[in-house]
Ligand code: BES
Ligand code: ZN
């Protein structure tokens, strides 16, 4: 049968899931999850049906009406896709729902933290499903082409609370038998357990399924926004994100109504592997963005922008990922321009341009992944995650904007969003819509080259930013022993420092790195962007003085944006660095989310 998505076992011929009713029991003692999922199909079906799973044990599959068992089998795991769950639905009575029970203690989506790992008196657990890890929480059609609504009962220790990217309905005592056959009342209703109940009425792609459980408190910071976090960071977080409502209004003006009702923010423990994740109604954020400068707002602007581009209109498969991230990067910069001004937006564009050029260079032996729409058959999205979809996607849209003018492009964007909202679309659909609404555009821009070509098209444009140019000049003077003066750096925040340090990297010697640090104390910065950019540079130049600081950092943080450069710099610089990287990883592995573990392991094996 025709595959729908190279990253899913779902086929184009059987009906897809439209609703899931979940009961999930979190066992912190064994770091495991036990659950049941009642899947509703878009139409009654008989015969074979394939679902995606990864690291799940399937205990039973039954017809929920007759309670008769449904024959099933699980394929050996494919390293990218996981295991196919093959069900044979009875031929005499087509079924429109299936009840599955399952458990896992090695889910690639779920990270359990002990109290010490969570830096709290309490344990913590959270999920990260993008790109293809929802299948490791419950059996599903794990393709963004299949949108689902869901309800969820989370059974957790009563000392903790749960949040979800969904509408919270109730916190209440467990009710006998609601855990179903696989979760006996002796477990479900045991003393010290509580149930949190949620509904998600807007249809979402499975990668946006998300929950977190821990000692979580909140502050209201706007009419539709609450910050959730641990008690030690919640007040700082509330101050940091105070401007959120202004950004939502800017987004609504640019892209149309905010359709998700609430826009809450959750600040996770330090191990959270991304800067931010656009889980609907509740964005997940790393605590490393809380530092009182523009960068925190930038991440929120980005995740907020996904509310339109990504969550309302979703890429049909990961091959169309640029539709999510490129559009969101464009929308993020438009929001930043409104709330922080043109110069800040231009600086972000400049940083993005540099990142794009560097990434194309990095992929020079694998140019497929410099395409806006790459072929991803057999490729794990986590392995090829890069700035290409973000920055080449941004450049493509900016190119169209320059061609048609901003007012026309803004009208086009609004119409695009209202036309395709709550749908999952592919690149071809976007291109057809563009051609239909901007007649003749294909004669002005080589759309094919942009979508199918490798590298950076000739009509991409380096953004003009005064701050960006100034920093590049300062960086080029460093070779001659010239450092920026105190007055020059007084206004710099992390973005300026990051850009400065990146522009140095080519030929700095260790004594210069030490001198720079002696003057500006970059290795001790409380700002992770600055600290990591400096440590990466210093270690790459061969300064062993910074091994200890790198070790401390790698044992504190799990954000992959920091793990990647630090582990790579250590693994590349010397035999000693490589051994250190291996030891640090062995000692901190459990502090990293499973996705980050995979990424670090691939860095270490590449430099074995
Ligand atoms: N959706 C992404 C994060 C993601 C991408 C998770 C692919 C898993 C697979 C999110 O919106 C994002 O892009 N986050 C960025 C922040 C941003 C300001 C560019 C990050 O985490 O660095
Ligand atoms: Zn994004």
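Just so it is clear, glycine is given a Cβ too, placed from its N, Cα and C backbone atoms.
Look at residue 274 (peptide binding site): DSSP puts it in coil. Of all Cβ atoms in the shown protein chains, 22 besides its own fall within 10 Å of the Cβ of residue 274 (peptide binding site). Positions annotated as peptide binding site by TrEMBL: 128, 129, 130, 273, 274, 275, 276, 277, 278, 559, 560, 561.
Per TrEMBL, Zn(2+) binding site is recorded for 302, 306, 325. The Cβ of residue 302 (Zn(2+) binding site) has 24 other Cβ atoms within 10 Å, all protein chains considered. According to its DSSP assignment, residue 302 (Zn(2+) binding site) is helical.
All chains included, 24 other C-beta atoms sit within 10 angstroms of the C-beta of residue 303 (active site, proton acceptor). The active site, proton acceptor annotation in TrEMBL covers 303.
Per TrEMBL, active site, proton donor is recorded for 390. For residue 390 (active site, proton donor), the same-chain residues 6+ apart in sequence whose C-beta sits under 8 angstroms from its C-beta are 322, 325, 326, 328, 329, 352, 355. In the three-state DSSP scheme, residue 390 (active site, proton donor) falls into the helix class.
With DSSP classes pooled into helix, strand and coil, the tally for the domain 'Peptidase M1 leukotriene A4 hydrolase/aminopeptidase C-terminal' (466-604) is 113 helix, 0 strand, 26 coil. What TrEMBL lists as domain 'Peptidase M1 leukotriene A4 hydrolase/aminopeptidase C-terminal' is 466-604.
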Practice prompt. Could you measure between residue 276 (peptide binding site) and residue 302 (Zn(2+) binding site) for me? Cα positions, answer in whole angstrom.
Written response: 8
Worksheet item: Distance between residue 278 (peptide binding site) and residue 303 (active site, proton acceptor) at the Cα atoms, whole Å?
Response: 5
Item to complete: Can you tell me which of 128, 130, 274, 303, our recorded positions, come within under 6 Å of ligand 2 at the Cβ?
Response: none
Discussion item. As a check: which entries in 130, 274, 276, 278, 302, 560, the binding-site residues, place their Cβ less than 6 Å from an atom of ligand 1?
Written reply: 130, 274, 276, 278, 302
Worksheet item: Under a criterion of Cβ-Cβ distance under 8 Å and sequence separation of at least 6, what residues of the same chain contact residue 130 (peptide binding site)?
Response: 207, 208, 277
Worksheet item: Where does residue 325 (Zn(2+) binding site) sit by DSSP, helix, strand or coil?
Response: helix
Item to complete: Among 128, 274, 560, these being the binding-site residues, pick the one whose CA is nearest to that of residue 303 (active site, proton acceptor).
Response: 274
Worksheet entry | Sorted by sequence, non-302, 306, 325 residues with Cβ within 8 Å of centre, Zn(2+) | 278, 303, 305, 309, 310, 324, 327, 328, 329, 331, 332, 390
Worksheet, complete the sentence: For residue 274 (peptide binding site) and residue 302 (Zn(2+) binding site), the CA-to-CA distance in whole Å is 13
